[in-house]
Structures are given as C-alpha cells and as structure tokens.
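Visitor: Got a structure here, written out as structure tokens. Questions coming.
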C-alpha cells in the first residue's frame, strides 16, 4: 500500500509546527535571554511551543484523515486554567497558520476554544489494530531551551508497526560535516519499505535526498551516540559497552529523536539508551518515528535484549526495556556486547526476569 498522501501531509504538518517552535525560540527564549529576563527555571516557552505545535499538527491530521486517532503528549487542562498562556499560544498558532504555504486549506483553527479541543484529540490510548498517529510536539525540551537539538516527531502506526515517519529537526545542520556553514533545519521522512529521505526545512523547493547509514563492519570504527541528560540512561554502562566494542572516541551527546535522524544519514552508527529504572516504560511517541528512519536507512532497532519494539500495547513500550539502534552490519555485535556487560550487573538482571 502506498502511503504517499500520509507522508506528504506529515512533512507539511511537521514543517508548519517547526516554524511555530522557531518563533517561540526567537521571541520567547532568545530575546528574553538577551535581555536577561529568562530565568533558569522558566519553562513557559516550552509549554507554549508544546501546545502550539500539537494544535497545528493535530488540526491538519484531523482535516486530512478524520478517522485516524492520535496519541499525543499534551492535553488542554493547563491552558484552560491559565488564560494568559492560552492567549499567547493562540496568538502564535494564528500567526503560523496565516503564513502557511503548503496545504493552506488544512488546519484552519477558528478560535482558542477550538484550538484547545483539537489539542485534546491527542488522548488516544493506543493499541494493535488499525491506524493511529503518534506525536511528540517538542521532543528534547532542554535542548530546545538551550538552542541545541530538539525535534517535532510524527509517525503513523498501522497494526502496531510504524509505517510513516516525519521528524523535524530545526537546529540540525543540513550537512553534518559542515556544521558551521551548512544551513540549519531538516525534515527526515520515511515510509516502510520505501527508504528514508532528508528534506530541507526552510527550502521547500530543494529536492529530497535519500540517506543511508554508513556501511561500517568493524565496531571499533563506529561512532556511538546517547542522550545529553545523565538521568535518562545508564551512561556509565553505555561507555563500558563502547569499550567492549573497541570504540575509543567519546560519544556524541544529543537531545531528542534528532539522534535517530543523525544515525539514519550516517552521522553515527550506534545509539544506546539503557534504562535507569527497571520499571520505566518508554513512550511510543519518543521512538516510533525515529526507529522507522533508522530501519529504512539500513539499521536495526530493538530493546536492550534484541526484542523488536512493540508499539501495539498502549501509549508506552511496556513490553520492552531500553532501546538500541545500530547499523545492520554490526547490530548483533552490539547486542552481544550489551549482554556481556549488563549480565554482570544486578540492575539489569532484574529487568531480564
């Protein structure tokens, strides 16, 4: 089955939402920081960006595919209780819609009340049968606040498997080999069995380029990446795994599913995310889109035990523990190394039981 209509709509929705998040950063973070008015604990720009991006994407999805349920991250309760924040979100949503150039007839939200109702349509419980979309409106909130990597992540799941993905990375250089001179902003998109492609975020006329992971066969030549936040994964154990594999260079640390996009185009070869708590369940919107990018670019994605990620059991990956992504040529070696290192650690033995 062709998913071209879904792919094109997903790219357009992610692009529109990315523009809104860039407005939020420039108006509410960059300017405030320059004026010394943004405190370290001020998370309001992320809140505004999250709600605005979710409203933009869901409104377009519901206009194009009204019967598809959506698993989103936010609901409107906070906005209904905070009218000032709601007004700011509504102002940015209106501004973004007015400047839209693609699918202009879609996502025409008429009021703040309609906007909040649309946000609430992301409350689907998930499941294994039929179609559903997953959305993370701003993945990597701390990266967003720092002006580093974050992502707008959208995926279509059919019968428990991701089949369409579009991930917007506004701060990822188009050419990772020339980060200082290459324009920032990409959208990475994939359709199952049809490859992974990189699009320019800001130049809609630029032809997409199919991307592939590096054909690395020796793990000592590979590059591995992990999240920035030490509390999100067992970084010490991950470093031990890298040493076991013969990797001598340090990890690339990056927030959000921009890591998956980077792997897909060959900027890295291995992504390790081992759980810090045995009971932690990864959210499906944090991995659905990114995992498909890597798989369509020549990689394999599983949990730390080599089990495929199961997106059909609700809003979380409750049947999995952690995440490992790697180029197919070295994937089994990475799983073997992970088993060798973690088998000695009671922390992970509890997970395996």
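Start at 1 and count along the chain as shown; that gives each residue its number.
Backbone N, Cα and C atoms are what each Cβ position is placed from, and that goes for glycine too.
Feature table excerpt (Swiss-Prot):
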- 50: active site, proton acceptor (ACT_SITE)
- 73, 136, 138: Mg(2+) 1 binding site (BINDING)
- 73: Mg(2+) 3 binding site (BINDING)
- 136, 139, 286: Mg(2+) 2 binding site (BINDING)
- 141, 232, 256, 259, 273, 286: adenosine 3',5'-bisphosphate binding site (BINDING)
- 141: active site, proton acceptor (ACT_SITE)
- 232, 256, 259, 273, 286: AMP binding site (BINDING)
Visitor: Quick check: of the recorded positions listed here (50, 232, 259, 273, 286), which one has the Cα closest to that of residue 138 (Mg(2+) 1 binding site)?
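Guide: Nearest by Cα distance to residue 138 (Mg(2+) 1 binding site): 50.
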Visitor: When you measure from the Cβ of residue 273 (adenosine 3',5'-bisphosphate binding site), which residues in the chain that are at least 6 apart have a Cβ under 8 Å away?
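Guide: When sequence neighbours closer than 6 are ignored, residue 273 (adenosine 3',5'-bisphosphate binding site) has 226, 227, 232, 233, 322, 323, 324 within Cβ distance under 8 Å.
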Visitor: Select one residue from 50, 73, 136, 286: among these recorded positions, choose the one with the most other Cβ atoms within 10 Å of its Cβ.
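Guide: Comparing the recorded positions 50, 73, 136, 286, the most crowded Cβ belongs to 136.
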Visitor: Can you name every residue in this chain, apart from 136, 139, 286, with its Cβ inside 8 Å of the center of the Cβ atoms of the recorded Mg(2+) 2 site?
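Guide: Not counting the recorded site residues, we get 73, 140, 151, 153, 256, 257, 283, 285, 287.
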Visitor: If I take the alpha carbons of residue 136 (Mg(2+) 1 binding site) and residue 286 (Mg(2+) 2 binding site), what is the distance between them in whole Å?
Guide: 7
Visitor: I need the nearest neighbour of residue 139 (Mg(2+) 2 binding site) among the recorded positions 50, 73, 256, 259, using C-alpha distances.
Guide: 256
Visitor: Using a 10 Å cut-off between Cα atoms, which of these recorded positions sit near residue 256 (adenosine 3',5'-bisphosphate binding site): 50, 73, 286?
Guide: 286
